[in-house]
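Q: Supplied in structure tokens, the structure appears directly below.
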Amino acid sequence: MPSRKFADGEVVMGRWPGSVLYYEVQVTSYDDVAHLYTVKYKDGTELALKESDIRSQSSFKHRKSQSSSSSPSRRSSSRSRSRSRSPGRPAKGRRRSASQSREHKEDKKKTIQETSLALPVLVLFKPSENNTKRYNGEPESTEKNATSCIILEQKLKPDLEIKRVLEQYSLRSRKDDKKKEEIYSEKKTFAAVKPIEKVPTKTKELEFGGRIGTFMLILLLPATVFYLLLMCKQEDPSLLNFPPLPAVESLWDGRVFGVILLWFFLQAVFYLLPIGKVVEGLPLSSGRKLQYRINGFYAFILTAAAVGVLLYFQFELHYLYDHLMQFAVSAAAFSLALSIYLYARSLKAPEEELAPGGNSGYFIYDFFTGHELNPRVGSFDLKYFCELRPGLIGWVVINLAMLLAEMKIHNLSMPSLSMILVNSFQLLYVVDALWNEEAVLTTMDITHDGFGFMLAFGDLVWVPFVYSLQAFYLVGHPTTITWPVAAAITVLNCIGYYIFRSANSQKNNFRRNPADPKLANLKFIPTATGKGLLVTGWWGFVRHPNYLGDIIMALAWSLPCGFNHILPYFYVIYFICLLVHREARDEHHCKQKYGLAWERYCQRVPYRIFPYIY
Ligand code: NDP
């Protein structure tokens, strides 16, 4: 018996998940393990479908060519010719005359054509009695365009369906149209039936340069951290002034590793404290929603209190400055061990719990990108924990250590203005992230990327040790700035922060509650998944306004270090590259998720990050 019914490249009719609509699709691949077909809709959307949701085109054509007398429309016409509905009698209820009906149909046809959004409607058929097998279609000329076709089963009335399809593809104001808003509501439409995220299947499109690229990154990322830290300690950190390599044994210090373990343990205890609300994340591909405790800000306050106590008892925090390289090595060792554990446990994880982007079957690729989406030990979510706590709070502690080291080394009664700016700006960023912790649940890291080396190393090593580079640099390379310059940099940081925060909040609030009255003035493009795409407000300005704000802030963090060296600008240069690449990845995922609606969004909002530039 063949294991699959449809071949790659075959054009078939695919059911839109959670609905009764069949669209023309092309089979692009088949997953033998999950028994799922990946199909591509004409608008570009890609989904994984079960065999039972796919039918051959010929089965539809066959039904269409059956005797016209058995057409439901004709059957209804013939019923209308019965005595009880004789033309001599006045029309009952909502029944229309033939000419009204024709006009009505013409109107609908016109509206569909006017909605030149390439509606994937070719033939809008009348409902069958029980299922599509018994379907007989209307003449093709009734409602048609040149792309694809929808076949309705009995549950949907054609009128309603036309209305619903139009609503899905038309742009409307949420303020003006409460009724339509209800139809849009994630709870009431498709999403209520089943979230239409792609069902996890084998990852075919490899990112980050595939296996070779990810292998190189596993080597390059730690090397870059060590290079940057070594450079920063140099008196002349010019690019060509390559630092001498330290002795390998000097890189490891058991006590430092103990401090790292203690740090993780402390943060894990704070994470487990039963304080703060518990919220649900976005629906997974299985429809399940995970619960998350929001207490990152409390963890920060408790950490600040603990550091305060240490300082009160004269603990020399600049120990961190003296041993920064050993701390980085210990954190890297820890993140590597964690990544190995994550990969090992992911091998036993059920298919539906794997990350959509980290299931290629290639060890090195899946190890890097993360094989399992939400690895948990009981209710302890490892990815969510690492995302905002040990690394992010650790970054602030390192910054503070640099500030104290600067005062001690240069015998200052007060930190330099540059150091104050860098510390305050970055403190604001971290406090903001923890205060708005819930917003992380709608980011790519949580919803799309698995937990592997990329995020483990990124969260636990890259963030605390590379993002604190400006403060580290300032200890060894004092930079004086004037008050007006400091004021100008502060204004720049505030502008960046304002864009970053309001854009992120706008999207997060909209995703969580599209009917939020605070967002009533915003317009959006509805998509077939039930989610909307904002086209006014920040998300109508550029397609990633939050990245724009983040980049402006990154520049403001580097400027207090002056212009003597490029080293403190490493962060802003790297960050632009990261976000440009991230934007391209997100764009690709959104194109797959939203198809045509995404293209419309891109037409309406042509710039990705920088208005009129990119
Ligand atoms: P975003 O928060 O930008 O989320 C992207 C998602 O938003 C898309 O996948 C889509 O998801 C949704 N979306 C896109 N366009 C619209 C629209 N018009 N209307 C409504 N929803 C839309 O992704 P990131 O996770 O990359 O970034 C989160 C924040 O983290 C950003 O501020 C970024 O700057 C910051 N960041 C910081 C880093 C750092 O190291 N400091 C690193 C990476 C990010 P869907 O439709 O499925 O909801």
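Each residue, glycine too, has its Cβ placed from N, Cα and C.
TrEMBL labels come from automatic prediction, so no person has curated them.
As annotated in TrEMBL:
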type     : residues : note
COMPBIAS : 66-75    : compositional bias 'Low complexity'
COMPBIAS : 76-97    : compositional bias 'Basic residues'
COMPBIAS : 101-112  : compositional bias 'Basic and acidic residues'
DOMAIN   : 4-62     : domain 'Tudor'
REGION   : 53-112   : region 'Disordered'
TRANSMEM : 212-230  : transmembrane segment
TRANSMEM : 250-273  : transmembrane segment
TRANSMEM : 294-313  : transmembrane segment
TRANSMEM : 325-344  : transmembrane segment
TRANSMEM : 455-475  : transmembrane segment
TRANSMEM : 481-500  : transmembrane segment
TRANSMEM : 521-542  : transmembrane segment
TRANSMEM : 562-581  : transmembrane segment
Q: Return the average pLDDT for the domain 'Tudor' (4-62) as a whole number.
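A: Over the domain 'Tudor' (4-62), the predicted model scores a mean pLDDT of 75.
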Q: By Cβ distance under 8 Å, which residues at least 6 away from the ends of the transmembrane segment (481-500) in the same chain are close to it?
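A: Same-chain residues near the transmembrane segment (481-500) but 6 or more away: 417-418, 421, 425, 428-429, 432, 538, 545-546, 548-557, 559-560, 562.
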Q: Hey, which bits of the same chain come close to the transmembrane segment (325-344), Cβ under 8 Å, at least six residues off its ends?
A: 222, 225-226, 229-230, 246, 250-253, 256-257, 259-261, 264, 363, 366-367, 370-372, 375, 382, 386, 451-453, 456-457, 459-461, 464-465
Q: Looking only at the recorded stretches 212-230, 294-313, 455-475, 562-581, which one has the largest tally of CB-CB distances under 8 Å to the transmembrane segment (250-273)?
A: 294-313
Q: Would the transmembrane segment (455-475) and the transmembrane segment (294-313) count as touching if the test is at least 3 Cβ pairs under 8 Å, pairs 6 or more apart?
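A: No; fewer than 3 Cβ pairs under 8 Å.
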Q: Using a Cβ cut-off under 8 Å, which residues of the same chain at least 6 positions beyond either end of the transmembrane segment (212-230) come close to it?
A: 206, 243, 245-246, 324-325, 328-329, 332, 364-365, 367-369, 453-454, 457, 461-462, 465-466, 469, 472, 567, 570
